[in-house]
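Before any comments, here is the structure.
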Amino acid sequence: MRRVVRQSKFRHVFGQAVKNDQCYDDIRVSRVTWDSSFCAVNPRFVAIIIEASGGGAFLVLPLHKTGRIDKSYPTVCGHTGPVLDIDWCPHNDQVIASGSEDCTVMVWQIPENGLTLSLTEPVVILEGHSKRVGIVAWHPTARNVLLSAGCDNAIIIWNVGTGEALINLDDMHSDMIYNVSWSRNGSLICTASKDKKVRVIDPRKQEIVAEKEKAHEGARPMRAIFLADGNVFTTGFSRMSERQLALWNPKNMQEPIALHEMDTSNGVLLPFYDPDTSIIYLCGKGDSSIRYFEITDESPYVHYLNTFSSKEPQRGMGYMPKRGLDVNKCEIARFFKLHERKCEPIIMTVPRKSDLFQDDLYPDTAGPEAALEAEEWFEGKNADPILISLKHGYIPGKNRDLKVVKKNILDSKPAANKKSELSCAPKKPTDTASVQNEAKLDEILKEIKSIKETICSQDERISKLEQQLAKMAA
């Protein structure tokens, strides 16, 4: 006999907003008209793009810093135009990237215990876009590899460790790029664009692997993200302005595997995906709800689970990585919902009677250790994320400081030749060891210089004291 109700351990997932005293209050959330999430979260900090006079800024708050946030609280404020997107580095919880209307990408190192003074000096400024930068996304498995996309319709992939733009995809999109998503091992990216196309791209070969014209026929913005199995999940609008979600196989994008119509609201649907549970959470900008679906390999493939509803509309949304969740409370997702003047955490829980660790809810998940160095990835290597167990809770290790070793500008070829140089098949592999040795040498030279300066100043001080002693003796 066929079951009427599909069996799923996530059928009873429920959402709950935290109490008022656990919210972050009196925050002037950015009003800039851009469809990014405006919020980024990791197990240490929550970062929120805010309104700022005379440039762009964002707040970085330690997770425990709840309650009213003072107007004089320090910010990250080095951009000269509004900040449009922020993204925490998955391999270092103190490093965050930001893209701005000032056409630059900046990478910041946050002190271990948070900011005590406003931060105006980034670790590195990445300049290469000719128009505003609306998207920044770190590589999921390679250290110091950062992608940025701008309103110049270009995607640039940077080696943050050297400050170099190593891949420039500037001729693949004929219109504005709405979003970019890395595949699970970071070998491919998928993009959604204003020309209504969804593209799957191999960035190192600079090739479009698959594309679908009119993935959604409506004119409003789309989103496309990679799932763990290599399929692509999209959100968009129908010709009649109904919000849609669809599932695609990049090997055959003629027809979607599944297509669902939801409602006629006009907020862009931001998808947040958990590869461990195969749940997708959809947060509409301007909505007051979060809908969640389970993706399986049985028809109809995208299964509606439930909706979390609240009264206030959301201006943006942050999504906590799995290693930042409380496994003892069967928490499977935590969102940070932006209101006009505050940030409110929302906790998604699977009700369980037992207090024991629930292995089926928490398979090994992506940890903070990078599987590859940047040079290895640019040479063509791929690696899946290094997994960790959450059985005894995640204990953050010590993060190493981000060091940028700029190469001699005279050694690099002119920018015009960069693309053709990259597109040639035979490529001399970068010597990783020599780059690391250069970095160490640089560090040692800096230390020697500072020791010399200290000795000089001490010498001066000693001679002054000797003179004073001589005067006193006389």
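Cβ from N, Cα, C; glycine included.
Swiss-Prot tags one of the stretches 275-314, 315-354, 435-474 as coiled coil, and that stretch is 435-474. Counting Cβ pairs closer than 8 Å to the repeat 'WD 1' (78-118), the top stretch among 128-168, 172-202, 215-249, 263-303 is 128-168. Confidence in the repeat 'WD 3' (172-202), given as mean pLDDT, stands at 97.
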